[in-house]
Each structure stands twice: as C-alpha cells, then as structure tokens.
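Listed in TrEMBL for this protein:
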{"type": "TRANSMEM", "residues": "22-44", "note": "transmembrane segment"}
{"type": "DOMAIN", "residues": "98-513", "note": "domain 'Major facilitator superfamily (MFS) profile'"}
{"type": "TRANSMEM", "residues": "145-165", "note": "transmembrane segment"}
{"type": "TRANSMEM", "residues": "172-192", "note": "transmembrane segment"}
{"type": "TRANSMEM", "residues": "198-219", "note": "transmembrane segment"}
{"type": "TRANSMEM", "residues": "231-252", "note": "transmembrane segment"}
{"type": "TRANSMEM", "residues": "258-276", "note": "transmembrane segment"}
{"type": "TRANSMEM", "residues": "341-362", "note": "transmembrane segment"}
{"type": "TRANSMEM", "residues": "374-392", "note": "transmembrane segment"}
{"type": "TRANSMEM", "residues": "399-418", "note": "transmembrane segment"}
{"type": "TRANSMEM", "residues": "491-508", "note": "transmembrane segment"}
Amino acid sequence: MLTVDDVLEQVGEFGWFQKQTFLILCLLSAAFAPIYVGIVFLAFTPDHRCRSPGVAELSRRCGWSLAEELNYTVPGPGPESQCLRYEVDWNQSTLGCLDPLASLATNGSPLPLGPCEQGWVYDTPGSSIVTEFNLVCDDSWKVDLFQSCVNLGFFLGSLGVGYIADRFGRKVCLLATTLTCASLGVLTAVAPDYTSLLIFRLLQGLVSKGSWTAGYTLITEFVGLGYRRTVAILYQMAFTVGLVLLSGLAYILPHWRWLQLAVSLPIFLLLFRFWFVPESPRWLLSQKRNTEAIKIMDHIAQKNGKLPPADLKMLSLEEDVTEKLSPSFIDLFRTPNLRKYTFILMYLWFTSSVVYQGLIMHVGATGGNLYLDFLYSALVEFPAGFIILVTIDRFGRRYPLATSNLAAGLACFLMIFIPHEDKLREAETFSALLTAELLGQRRHSKYIEELPGRCYWNLGMMVCSSLCDLGGVLTPFLVFRLMEVWQGSPLILFAALGLVAGGMTLLLPETKGVTLPETIEDAENLQRKAKPKENKIYLQVQTSELNTQAAERDASQGTAQQK
C-alpha cells in the first residue's frame with residue numbers, strides 16, 4: 001500500500017513545490033493578524049473632553065492657549081475631566097477672560113457638573129471607531145463588545161468551517177472563506193453606524209479563523225512527516241510578520257477607515273494566488289477521488305524535479321484508527337486521568353488566550369507610544385518561535401511549559417511595581433513576559449496533540465480551541481473594565497492565571513519519548529506507563545553492560561591461564 005507520505009519521501013518532503021505553496025499560504029497567516037488584534041489601532045481611545053461651542057468662542061475671544069482653556073473650563077484631572085462638564089452658559093457676557101468661573105461660584109461652593117451633551121473633543125490627529133461613534137464614558141463598553149464579537153465569530157464559525165473543509169475540500173473552503181473575509185473587511189471600513197460595524201465584525205470572525213485554519217491544514221498536508229512540525233510553527237510565525245506590518249501601516253494611516261481598507265483589499269489579491277494551489281491529495285483520497293490525487297502527486301514530483309514512483313497508481317489513503325473508534329466529546333471526560341488532562345488543557349488554552357490578548361490590549365491602552373509599544377510586543381514573538389523550534393524535542397513538554405507559565409505570571413506580578421515613567425524597565429519586563437507567554441502558548445498546542453492520543457486529536461483541538469475563543473470573548477471586558485478601577489488590575493489577574501497554569505501543568509505527564517496513546521485505556525494509563533518504560537530501558541542497558549563486563553573478565557582470565 002503506497003501512501004502520500006511514502007510518495008513524499010521519494011519526490012521531496014519539502015521541495016520547491018512545498019516551499020512555494022508555504023510562502024503563498026503564509027501571506028494568509030499574516031493577513032489574519034489585523035483581524036485578531038486590530039482593535040489596538042481601530043479602537044484606540046485618545047484623551048478627550050466635553051465639547052462646548054461656547055468655550056471655543058470664549059477661548060478665541062480671549063486668546064487662550066489650549067492649557068489655559070483646559071485650566072479654566074474643564075473639571076479637575078481624572079475621569080471627571082473626560083466625561084463631565086460645568087453646567088454653565090458660556091455665552092453670557094458677564095464672563096471675563098481671567099478665571100471666568102470665579103464670579104459664578106457662590107460662598108466657595110463647587111459648580112454643578114453634568115454629562116457631555118454635545119459630544120467630545122479628542123486630542124488626536126487621527127481617528128478610530130471610538131472618536132467617530134463617541135464610544136467613551138457611558139458607552140465605553142461598546143469597545144469591548146466590538147472585539148468580543150470577532151472572538152464570538154471565531155467560536156461559532158469553527159464548527160461550520162470545519163464541516164465545509166471536510167465536505168467540500170480544503171481548497172474550496174480556503175477560497176470561499178478568504179473571499180468572504182476580504183469582502184466583510186471592506187464592508188467594515190465603510191460601515192455607516194456602530195450596529196452595522198458589529199454585524200460585519202461578527203460575520204468576519206465567522207470565516208476569518210476558518211480561512212487561517214484551511215491554510216494551516218493545506219500546508220501541513222502537503223509536506224512530509226519530517227517537516228510538518230517545523231512548517232506548522234513557521235506558519236504561526238508568519239502571523240507575527242503580520243503584526244509587525246500592522247504597526248507600520250497604522251503609523252502611516254492613522255485614520256481607522258483607511259487602515260481597515262489597507263489590511264482588507266490585499267486579501268483579494270491573495271485569491272489569485274490561492275487559485276493555483278491544488279487540492280490536498282489526502283482529502284481527495286478520503287473522498288475516493290484517487291485519479292485526481294495521483295495527478296497532483298505527479299505534479300508535485302515534477303515541480304520538485306524528481307521522478308514519481310513507478311507504482312504511483314497504487315496510491316491510497318492510510319487506514320486511520322480514528323474512523324474505527326468514532327470518538328465523542330464524552331470520551332474526553334470518561335476516565336479519571338483523561339478527565340484531569342482535559343480540564344487542565346482547557347484551562348491552559350483559556351488562560352493563554354486571556355493573557356496574550358489581554359497583554360496586547362493593556363499595552364495599547366497604557367503605552368506611551370502606541371505604535372512603538374505594539375511593534376516591540378510583536379518583535380519578541382520571533383525569538384519565542386525559534387526557541388520552540390530548537391527546544392521542543394530536547395527538553396520535553398511538561399517542565400518547559402510549566403516554567404513558561406510561571407515566568408509569565410511572575411513577570412506580570414513584577415510589572416505592577418514598575419513605575420509607569422520607567423519606560424525602559426517596563427519594556428524589558430513586558431518583552432520577557434510576552435516571550436514566556438508565547439513559549440507556553442506554542443507548547444500547550446503540542447500537548448493537545450499527544451495527551452489525548454492521535455485518535456482524539458481533532459476532538460481535543462476543537463474543545464480547547466473553543467475555550468481559547470471564549471477567553472477572547474471575555475478578555476476585552478476583563479481588561480478595560482478592570483482598568484477603570486486601577487490600571488494595574490489586569491496584571492494582577494494575568495499573574496494569578498499564569499501562576500495557577502504553571503502549577504497545573506506539573507500535574508500533566510511528560511510525553512517526550514513515550515509511545516503516544518491510541519485508545520482511552522492507553523491515555524488513562526499514560527502516566528503509569530511512562531516511568532516503568534524508562535526504568536525498563538535503564539535496566540536493559542545496565543544488564544547489557546554487566547554482561548559485557550563479565551564476558552571481558554572471563555576472556556581475560558582465560559588468557560592469563562593459558563599463559
């Protein structure tokens with residue numbers, strides 16, 4: 001029986017065809033970055049104050065500077081200055097230019113304050129959905145809802161898009177979701193009001209993660225087994241390239257509608273390249289379309305400059321144990337150990353989403369230079385990816401993952417005590433924190449592949465990915481509402497989540513060098529089997545060494561007797 005992996009070993013597991021396809025699909029991964037964390041630039045909240053035409057006229061007549069205007073007409077520093085105004089008729093002629101409110105205060109009593117009834121003035125040269133739709137003060141929660149909608153779309157769309165990919169093919173799913181995602185991105189840029197903006201954002205979330213996942217599935221199914229893990233990690237690192245490009249585009253285009261168009265229109269160009277990416281031969285074989293799969297494998301051989309195997313027509317799909325077992329959601333909780341692993345992994349994925357997205361939102365809301373702070377946070381993702389590539393098979397899963405989570409939690413805790421004015425120390429700590437969090441994020445995705453076993457990988461990934469999306473739904477509300485209490489409040493939450501995640505990781509078994517489970521019974525006994533296996537290997541080595549030493553000793557004694 002000739003399988004796809006057998007053919008790829010002969011025609012090239014990562015030849016010219018795979019490299020070309022990989023680079024094309026990496027563009028899709030980069031294009032996903034503005035959708036995932038674009039809220040930092042699309043919905044930034046600048047300093048603001050109540051709009052008052054009377055104040056503007058008085059300021060013009062008196063020749064005030066901006067500082068004088070704020071000092072005379074805006075309530076004291078803090079939230080009051082942004083969401084409240086003096087209830088004064090600024091058009092009355094009795095107001096002078098020198099401390100105009102002094103004559104209105106009687107017996108030293110404070111002047112009455114009221115809400116901003118005529119909108120706000122924003123101190124920014126650009127624009128965001130906040131400045132255009134006045135999403136401040138009592139309506140500030142609508143910014144949280146804007147980001148939560150895209151994560152809710154991720155959650156709802158994962159099942160539907162997965163069905164499309166399995167039913168109609170990876171390429172059809174890729175083209176359909178990419179076209180829909182680009183169209184909705186353009187519609188978001190021209191949305192006339194907040195309600196339509198939310199609808200377009202939700203719909204874009206429904207298809208955008210599916211588009212990214214379709215590209216991920218395609219490229220991992222085109223390469224050989226020896227390159228699959230490397231390609232998967234590099235595909236995720238292309239997302240980081242998108243983050244870097246996003247910071248540059250946002251700096252050049254400070255107006256949110258132009259920025260949204262700039263990140264959406266290029267996706268249409270990707271469709272022309274995706275059209276020439278062939279369908280996955282593995283999927284074609286699963287659909288009994290062997291002739292088409294053989295043609296594609298022959299095409300891959302030609303592109304790689306290799307001759308296809310003589311028995312290529314015997315190509316067939318490797319029998320999959322998952323089809324016989326038909327795993328269900330309940331299976332992940334059926335036995336004590338497997339139930340424990342599932343709950344821990346669900347918590348790790350949920351925590352990873354909350355801490356990663358929360359950190360980016362927090363630095364966007366508190367940073368001095370929004371563009372540079374975001375760029376630095378993106379750049380630290382590159383060393384995290386390379387560290388994973390080098391260490392994932394050398395140091396195991398459990399202790400590096402626990403260390404990453406504990407380091408992230410500790411760094412969050414330390415950031416609370418760093419003065420906000422100490423930008424250098426704050427940037428260094430944040431870089432270390434984000435690197436540790438990303439190391440943990442990439443490692444726990446490997447755990448979900450190994451712990452439940454190969455037969456439950458898709459099911460476990462779907463469950464944990466859903467918890468990741470739900471974490472994204474809650475994160476904006478957690479971060480922005482906690483910041484209203486105190487700017488450091490989200491860091492306390494992140495520290496607690498990270499430290500608990502580090503401790504819980506130590507309850508997982510090590511999977512490095514252990515035969516992966518195929519059934520529920522294998523997964524249940526994984527922790528008990530791991531240690532005896534190591535002992536057995538050690539005893540075998542020791543026994544063989546003793547036998548060798550004994551044989552050498554006997555031989556030397558025999559030689560001495562002969563002499």
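Placement of Cβ uses the backbone N, Cα and C atoms for every residue, glycine included.
Curation plays no part in TrEMBL annotations; they are all automatic predictions.
Predicted-model confidence for the domain 'Major facilitator superfamily (MFS) profile' (98-513) is 80, expressed as mean pLDDT.
Count of Cβ pairs under 8 Å against the transmembrane segment (198-219): among 22-44, 231-252, 258-276, 491-508, the largest is for 22-44. Take the transmembrane segment (22-44) and the stretches 172-192, 258-276, 491-508: counting Cβ pairs under 8 Å, 258-276 has the most.
The largest share of C-beta pairs under 8 angstroms with the transmembrane segment (399-418) comes from 491-508, of the ranges 231-252, 258-276, 341-362, 374-392, 491-508. Counting Cβ pairs under 8 Å to the transmembrane segment (172-192), the stretch among 145-165, 231-252, 258-276, 341-362, 374-392 with the most such contacts is 258-276.
Taking residue pairs at least 6 apart in sequence, the transmembrane segment (145-165) and the transmembrane segment (374-392) share fewer than three C-beta contacts under 8 angstroms.
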